[in-house]
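Beneath this line is the structure, given in structure tokens, with notes to follow.
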Amino acid sequence: MATKKKTNFDDITKKYGAERDKALADALALIEKDFGKGSLMRLGEAANQKVSVVSSGSLALDIALGAGGYPKGRIVEIYGPESSGKTTVALHAVAAVQKEGGIAAFIDAENALDPEYAKALGVNIDELLLSQPDYGEQGLQIAEKLITSGAVDLVVIDSVAALVPKAEIDGEIGDSSVGLQARMMSQAMRKLAGHINKTKTTAIFINQLREKVGVMFGSPETTPGGRALKFYASVRLDVRGSTKIEEGSGDNKTQIGKITKIKVVKNKVAPPFKVALVDIMFGEGISSTGELLNIAVEEGIIKKSGAWFAYNDEKIGQGAEKAKNYLKEHQDVFDEIDHKVRAAHGLLDDSEVAETEEETTASKTKAKAKKEEKAVETEEIELELED
């Protein structure tokens, strides 16, 4: 049996010039031989310099994320209080992946997924891979097998808090289980992170909030499952419902949704701390017309004067709800404004930008012609009245 040649550390010295270049080339060749091609490369040679993304399913959130969506091959954590819209945000990502022809899996550790609600959000429930594991290790092992297959584009785990270790389930209520879940999650993160990166799978972990006891200063809020997920996540989103969306007046007022604030508290692929405000409507999910209207007004694409909203000098509604209904009924106008907003935030490629510019020019020409036509009609009416 051949013995492995030992390194003589006495011979290790700093190299310079041609000797250094040869030493580096030899080291690279040895690393490639021992660990495989691509195990070490110059950053400029890397094929994945630009982070590729999958859409979050929300325009406002895509903009807040900076890169245009959730990064592929990375871990994302979505956390917040109960009923804040965490699962809704994740399901919109599932729908967006399926819309692009991708495969998504949902590991429902909480056993609380509503198929009808998922369907209303645009999820193809016939194609969605669903698992309801008996214990935490089983759920994470299923996730690992899906990720290492390289066939799945998105895996959602709902939720970390519900991934209960088998030892805790097999034990009695009241038995001490300190640190079991944290150790399980720490081991899972160490194993999954590399596989997720290699297969370019996006893994979304939904998490709940807990409160630390005896905290005098700072926020007492924390997330279960230990610290591993916080460290391994490239993106962390804090989801909180803020303002009620109501219809009717007086005693007849009914809540039909809520304005939800999504804060990007950690982002390794773009500047963090951006905020997305989305309208989550009950039974419908994130309102695409609502978020588009808000962003377009901010960008000056849609003009707001008092309660009136106007696009290309044409009024589209008095009040936000009427303007949203107009955009729902006029898909061509919705698509045109959507393109302009995406172009303004750099979410389009070069060909789409050129297409948007052409559409904008055509739209302006059409609006100008319509305005001139109206002016001619007015002039003719005035002449008739004079006669």
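Cβ from N, Cα, C; glycine included.
Record features (Swiss-Prot):
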- Gly80, Pro81, Glu82, Ser83, Ser84, Gly85, Lys86, Thr87: ATP binding site (BINDING)
- 349-360: compositional bias 'Acidic residues' (COMPBIAS)
- 378-387: compositional bias 'Acidic residues' (COMPBIAS)
- 348-387: region 'Disordered' (REGION)
Neighbours of Gly80, Pro81, Glu82, Ser83, Ser84, Gly85, Lys86, Thr87 excl. site residues, C-beta within 8 Å of centre, ATP:
Val239, Arg240, Gly241
Are there any residues at least 6 positions away along the chain from Ser83 (ATP binding site) with a Cβ closer than 8 Å to its Cβ? List them or say none.
Gly241
So, three-state DSSP: helix, strand or coil for Gly85 (ATP binding site)?
coil
